[in-house]
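Worksheet: the structure to be examined is printed underneath.
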Amino acid sequence: MDRVFNFSPGPATLPLPVLERAQKELVSCGGHGMSVMEMSHRSKMYMEIIEAAEAELRELMGIPDNYKVLFMGGGATMQFSCVPINLKQNGKADYIVSGSFAKKASQEAAKFLDVNVVASSKDTNFNCIPDLANAKFDPDADYVHITTNNTIYGTRYTKLPEVGDVPLVADASSNILSEPMDVSRFGLLYAGAQKNIGIAGVTIVVIREDLIGRAAENTPVMLDYKTYADSESMYNTPPCYPIYIAKLVFDWLKEMGGVPAIQAINEMKANLLYDYLDNTSFYHATAKKADRSLMNVTFTLPEPAMDALFVKEAAENGLVNLKGHRSVGGIRASIYNAMPMEGVQKLVDFMADFEKRHG
Ligand code: PMP
């Protein structure tokens, strides 16, 4: 077995049992004599897969009955457009800018409605969730948009903003299924699959039913949530294989004990890294303590010039994709659900050794 520990921010490492099952079912799935890639999306055998994927996601996340689950394409980025197009009523929305994806979402929305940036942590290079004490939310806004976990900066909301009756919309791409989320607090949440759900190609949208059907009449059919809601995400050919992989990941997560069980493991993994970072003066954790992400751990070395050496030596030890995002530099270890404790332990051991040799 020559697998490495892959700390990529996404597409990210998958659970080995999922890969092995996909491999086993690659040529002939479920005794059907064909792969999932070759099945008609309207066949009984494929319908069983997509229906099970939705049912398992509903169970794992505790999605209430008055919410629809939509399987869409276009990545989380397409949702930056879909959200304003579909939720526009009064023509204005509040955005909290906690990182560059949040900023991109707000910039895209500004093409369709008036965007009010109620809070931003840009001044501190997004090392925290913005302070909302003085945020002026508009009670007539069509929605408030947040990014629950900021993949590049390694921060997350530990408490959701209070937005009254205004729908809260969340980009949960990098922390969906990593810890329990009270879906009823959201009007809509969306996530690209390539971190905690599976592989790139499908985006999951969980939307409260009353928010569906508001889009203008000339909305392109594939951007309208109603199209997906009315057709069980089968208006056209859905991303069949990514949905199948998502189902395998959901099976795995259920076997692991579900979201509360994976949260406990995620906390142990993150604490192992953060505790180490807090007890050395060689490395510096960049995110504010109270807002630290469980999924993306960001830190710097004494000199930016050491980053490349760290990344190179780590890779020689089977620890790959640790380079921080180009906009912030430093190191980022993405430790999504599928990263085993063993990988994090190996990283911490490597960090201690690196510090010894270069500190
Ligand atoms: N939002 C967040 C929080 C992300 O981390 C990413 C991608 N890493 C995106 C949006 C963009 O996702 P996609 O590439 O699926 O469009």
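Including glycine, each Cβ sits where the backbone N, Cα and C put it.
On a predicted model such as this, the values are computed, not experimentally measured, just so you know.
According to TrEMBL, ALA76, THR77, PHE101, THR151, ASP171, ASN236, THR237 bind pyridoxal 5'-phosphate; the candidate from GLN194, GLN263 that the record adds to this site is GLN194.
Note: the CA-CA distance between GLN194 (pyridoxal 5'-phosphate binding site) and ARG42 (L-glutamate binding site) rounds to 25 Å. A C-beta separation below 8 Å, combined with a sequence spacing of at least six in one chain, links THR237 (pyridoxal 5'-phosphate binding site) to HIS41. Take the CB of GLN194 (pyridoxal 5'-phosphate binding site) and look out to 10 A: across all protein chains shown you find 24 other CB atoms. On the backbone, the CA of THR151 (pyridoxal 5'-phosphate binding site) and the CA of ARG42 (L-glutamate binding site) stand 36 Å apart. Within the same chain, the residues at least 6 positions away from ASP171 (pyridoxal 5'-phosphate binding site) whose Cβ sits under 8 Å from its Cβ are ALA76, GLN79, PHE101, ALA102, ALA105, HIS145, ILE146, THR147, THR148, LEU189, TYR190, ALA191, listed in sequence order. Highlighted here are the binding-site residues (ARG42, ASP171, ASN236, THR237) whose C-beta falls below 6 Å from ligand 1: ASP171, in sequence order. When the Cα of ARG42 (L-glutamate binding site) is compared against those of the recorded positions THR77, LYS195, ASN236, the shortest separation belongs to ASN236.
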